[in-house]
Amino acid sequence: SADKELKKPKKKSPKVCGYPISIFFIVINEFCERFSYYGMRAVLVLYFKYFLRWDDDFATTIYHTFVALCYLTPILGAIIADSWLGKFKTIVYLSIVYTLGQVVLAVSAIHDITDTNKDGTPDNMTFHVALSMVGLLLIALGTGGIKPCVAAFGGDQFEDHQEKQRGTFFSIFYLSINAGSLLSTIITPILRGQECGIHTQQQCYPLAFGVPAALMAVALIVFIVGNGMYHKTAPQGNIMVKVTKCIGFAIKNRFRHRSSQYPKREHWMDWADEKYDKLLIAQVKMVLKVLFLYIPLPMFWALFDQQGSRWTLQATTMDGDFGGLTIQPDQMQTVNPILILILVPIMDSLIYPLISKCKLNFTPLRRITVGMFFAAMAFVVAAVVQLQIDVSRPLNVTVGDKEIGYILPNNMSEYTSVKHGDAGYWIRNDAGLECFVKQELGFGSSYTLLIPPTLTFGGKCSEGIQKILDIEPNTISMAWQIPQYFLLTAGEVVFSVTGLEFSYSQAPSNMKAVLQAGWLLTVAFGNIIVLIVAEAATLEDQWAEYILFAALLVLVCIIFAIMAYFYTYIDPAKIEAHFANTEYGEKERKKSLEMAKKASFQHQDEDKKGSDSSSDEEEESKQSKM
């Protein structure tokens, strides 16, 4: 059985340069999984908008619902791994679910499945929507479920004396995450931009989702291949469950003793003292102190995760021409990981040391406050850019890529979207005569071509066609999004990295996973805030929504700064050592009392035996006298 197998001594995994070979399978698995997740997510909102034909608000709502689920399910994965299956089996089983979800999503994007009349438009959109939602639900369960397990499983492969190698592993592990994210956000938009289809050529969402599905299958296979080399620890119960039970008992016990006749206790968690040891209660107090600071943090993530929704949709209304190089709207998301790789070393080696030399006490909580302020400023910049877009492009009409077909006299065709750049049109009559019209189309522009009934087919036929400009080409370049990406990424580096370090430093030794779960929950709740605002807000202008989010974050930033001012930094190791020593002293005192009691009982027995023998002697003496 699994339990018997896990009771064996720690397996000696083959090593390369002092590192277990098993970790290389884990790093490759993580790279492929992150490529799969971020590659799919990069094109997701455009899939909603252009394939499923949802409006911007609904596409944003479903996108953030999906992201929220991805950050809610890690708690479920951690509980399954620690209390039931163990990390290895949890990763394998949920990776299968994950892969299946990616495949289902890729299949849902094949328009030919329901395109019975072969016009390029699915005839049963409900089928595609249902399949998409099933796929996304499976993906959320899979990616969230394995999130808390993979890094911890990698750390389990090292022996106790390999602390340096374990630290290097986590650095390589983090690098693999960023590498997978960066490459996927470059490649999958390119794949989406290709044209594919059986009956009609459309943007290739099946390929854009299919490649991430293939990468996830590779991730699963690579992970399983390393099975014989892994060290697997037995499930020992989930600390989050224990913490929840301790908190629940304290609340229940306090409610039972709510009468004024019962003496008050210093902290409400002290009402758990009847059932749980003091060390656990002290550790829970430390965790709750940090979790209280987490309350305002979801607002940061509400803004941050709009890179993949609102900002990507904003990019669709901008000019993607960078000096002859065409950038897809969803490729703008690559600015974030690129800036992370640049800003993290700059912050650590230049900015923070410089601030320290200036004798400024830039504490972790102050850094987090500054990070939120940067994010708010990023949305102010996004609002300014949106105002410029609204001036240059009031309307964007698209019908999809398809043949215009026959045009009756005194009539006009539907608007049809085509790629910007040099475009060519063939005009043919029933006699087989042709006229080729060449035109340069600016990004986002709209033209109406008037074909006179007296059109003469031949070499100069295009001169008889009148071209009317309905909408000016976009003059706002996507490059104008770079400042807002810079501010938001700077905020992320200061906020997220510092937040994780702060949480780790303030967490008890056995409850760092609890605070990690709490941190992930702030991301989930942040995405829930976005979908609430997207559905509830009645703002007609997108720039106004950006300003609303910026104002909300500034307000939250002020509240957090006040909370941080009253926060007292602690040293969990000292507190734990104090309680450990106190408990040890208490145990020794109880042991001494028990020993004293035993000695007292022994002395009483000896006295009793002595008195019994004396009585016997007196009795014998009396008998002899008689």
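Using the three backbone atoms N, Cα and C, a Cβ is placed for every residue, glycine included.
Because the structure is a prediction, the values reported are computed rather than measured.
According to TrEMBL, the feature compositional bias 'Basic and acidic residues' maps to 591-611.
According to TrEMBL, the feature region 'Disordered' maps to 591-626.
Residues or ranges marked as transmembrane segment in TrEMBL: 16-38 (among others).
According to TrEMBL, the transmembrane segment annotation covers 58-79 (among others).
Outside the transmembrane segment (91-113) by six or more residues, the chain places 33, 36, 40, 47, 51, 77, 81, 85, 120-122, 127-128, 131-132, 134-143, 145-146, 149-150, 153, 197-200, 202, 205-206, 208-210, 212-213, 216-217, 219-220, 223-224 with a CB less than 8 A from a CB of the stretch. The transmembrane segment feature in TrEMBL is assigned to 91-113 (among others).
Under the heading transmembrane segment, TrEMBL lists 125-146 (among others). Sequence-distant contacts of the transmembrane segment (125-146) (same chain, six or more residues past either end, CB-CB distance under 8 Å): 33, 37, 40, 47, 51-53, 66, 69-74, 76-77, 80, 90-91, 94-109, 111, 113-114.
Feature annotation from TrEMBL assigns transmembrane segment to 167-187 (among others). Sequence-remote contacts of a segment are chain residues at least 6 beyond its ends whose Cβ falls under 8 Å from one of its Cβ atoms, and for the transmembrane segment (167-187) they are 19, 23, 26-28, 30-39, 42, 151, 154-155, 157-158, 211-212, 330-331, 333-334, 337-338, 340-341.
Annotation comment: TrEMBL describes 207-230 (among others) as transmembrane segment. With a threshold of 8 Å between CB atoms, the same-chain residues lying at least 6 positions outside the transmembrane segment (207-230) that come near it are 11, 13-14, 20-22, 24-26, 28-33, 35-37, 39-40, 43, 47, 88, 91-92, 95-96, 98-99, 102-103, 105-106, 109, 153, 157, 184, 187-189, 191-192, 194, 196.
Only residues 6 or more beyond the boundaries of the transmembrane segment (286-304), in the same chain, are considered here, and those with a CB under 8 A from a CB of the stretch are 243, 247, 269, 365, 368, 371-372, 375-376, 378-379, 488, 491-492, 495, 499, 502-503, 506-508, 511, 514-515, 518-519, 521-530, 533, 549-550, 552-553, 556-557, 559-560, 563-564, 567, 570, 572, 575. According to TrEMBL, the feature transmembrane segment maps to 286-304 (among others).
As annotated by TrEMBL, transmembrane segment applies to 338-356 (among others).
Sequence-distant contacts of the transmembrane segment (368-389), counting only residues of its own chain at least 6 positions beyond either end whose CB sits under 8 Å from a CB of the stretch, comprise 297, 299-300, 303-304, 310-311, 314, 317-318, 474, 476, 480-481, 483-488, 490-496, 498-499, 502, 541-544, 546-547, 549-551, 553-554, 556-557, 560-561, 564. Look at TrEMBL and you will find 368-389 (among others) tagged as transmembrane segment.
Summarising the annotation, TrEMBL assigns transmembrane segment to 482-502 (among others). Residues 290, 297, 300, 303-304, 307, 311, 332, 335-336, 339-340, 343-344, 347, 364-365, 367-368, 370-375, 377-379, 381-382, 385, 519 of the same chain lie 6 or more positions beyond the ends of the transmembrane segment (482-502) yet place their CB under 8 Å from a CB of it.
Counting only same-chain residues 6+ beyond the ends of the transmembrane segment (514-534), those with a CB under 8 A from a CB of the stretch are 57, 60-61, 64-65, 67-72, 74-75, 78, 147-148, 239-240, 243, 287, 290-291, 294, 297-306, 309, 499-500, 503-504, 506-507, 545, 548-549. Annotated transmembrane segment per TrEMBL: 514-534 (among others), in sequence order.
As annotated by TrEMBL, transmembrane segment applies to 546-567 (among others).
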